[in-house]
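**Q** The structure that follows is given in the form of structure tokens.
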Amino acid sequence: MTDPQRTEADARPAAVLKGLGTYLPPRAVSNDELSERLDTSDEWIRTRTGIRQRFWADPGTATGDLAVEAGARALKSAGVDGVDAVVLATTTPDHPCPGTAPWVAARLGLGPVPAYDVAAVCAGFVYALASAAGLILTGVAERVLVIGAETYSGILDPADRNTAVIFGDGAGAVVLEAGRADEPGALLGFDLGSDGEQHDLIAIPGGGSRQRAASPYFTMQGKKVFAQAVTRMGQSSTALLERLGWPKSSVDRLVGHQANVRILHAVADLLDIDRERAVVNLDRVGNTSAASIPLALADAAGSGELRPGERVVLTAFGGGLAWGSTALVWPDVTPN
Ligand code: ACO
């Protein structure tokens, strides 16, 4: 199916989305369960964030395990059994060294392909898409598996109600293939940015080379992050739409990073897009960081909320600070 609003200039080469797979660990954690041991409540969490539950992996399950499951499902959704590269976005790698992607590629039986991790926190999946598109457009790869996978349950301070109620574990993956910009599924452009001056708003202070003995737990200055998330995702999506020549009114679905339903609505308001067009699945999965965008896409496509031929904007924001957006016409892909 082609988009009637396209121009001939769109016959340029592009990375095209061909498959989508996701995986959530089996254990759902309700707000009530968290309220038993933290000074919080289902009512506070629901009204301030929109989250009703999240999934947490058991301590024996690593990010790479979730990534393998989602990766296998994406390959199946695309109807392929091989790729030329694997790009894995995560904040919670299996180990500080080596990267998680090579092991995931090996577990998936993909052979000695290039495989590497991308660290852009909650913006990681969009950065990974851009990196994979770069591999395709430079001829390094014809087909790339892009995965976002996280096990935040392992880095949350169980006593910190500011973060423990927000994050969930999960993984999502897509297969990108070399194609043309006038095909449905083609990633039509990217807007990426960062602001390292505000690196301390979202951080794991310890474990790296700067503060070796500091806390290994994830920290977030929620209020400041909220304001930045709205501004940056709004600006980034607007810049991308202007570059693509897509009027805001032509966007059918806004798939934003699933951090807080109030953030998603504020970004929709900035873009003059009806709030109903902003895809929301954080009520079910919480904030899954780098896995957030593919999990939201799969929920929306699986439920029929997102239909082939619709114009979709993906926008994400997270620690770094880092943010990014991309856009596509949704292809006829069945999420797995
Ligand atoms: N239960 C009950 N009360 C709470 C909880 C809780 N779980 N958490 C905080 N509070 C309290 C605070 O202590 C504060 O109390 P006080 O007024 O007595 O000091 C009050 O609620 C208000 O706190 P705020 O932080 O101002 O609450 P806010 O409405 O901003 O909501 C939240 C906090 C949900 C974290 C919000 O700021 C948010 O969503 N921020 C953005 C998160 C985000 O976008 N993340 C994306 C990037 S994440 C990444 O990159 C990994």
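Any Cβ shown, glycine's included, is placed from N, Cα and C.
Just lifted these from TrEMBL, have a look:
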DOMAIN    116-196  domain 'Beta-ketoacyl-[acyl-carrier-protein] synthase III N-terminal'
ACT_SITE  Cys122  active site
DOMAIN    241-330  domain 'Beta-ketoacyl-[acyl-carrier-protein] synthase III C-terminal'
ACT_SITE  His257  active site
REGION    258-262  region 'ACP-binding'
ACT_SITE  Asn287  active site
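So where do these features actually land, and what's packed around them?
**A** For the domain 'Beta-ketoacyl-[acyl-carrier-protein] synthase III N-terminal' (116-196), the DSSP counts in helix, strand and coil order read 25 helix, 29 strand, 27 coil.
Taking a C-beta cut-off of under 8 Å and a sequence gap of six or more, Cys122 (active site) has these contacts in its own chain: Thr91, His257, Ala259, Asn287, Ser289, Ala290, Ser292, Ala316, Phe317, Gly318, Gly319.
Residue density at His257 (active site): 31 other Cβ atoms are found within 10 A of its Cβ, drawing on all protein chains shown.
Here the region 'ACP-binding' (258-262) has long-range neighbours at 48-50, 122, 166, 226, 229, 280-283, 285-288, 292-293, 295-296, 317, meaning same-chain residues at least 6 beyond its ends whose C-beta is under 8 angstroms from one of its own.
A strand conformation is recorded for Asn287 (active site) in the three-state DSSP classification.
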**Q** Which residue counts does DSSP yield for the region 'ACP-binding' (258-262) in the helix, strand and coil classes, in that order?
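**A** Reading the DSSP string over the region 'ACP-binding' (258-262) gives 2 helix, 0 strand, 3 coil.
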**Q** Which of the three DSSP states, helix, strand or coil, fits His257 (active site)?
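**A** The residue in question, His257 (active site), is coil (DSSP, three-state).
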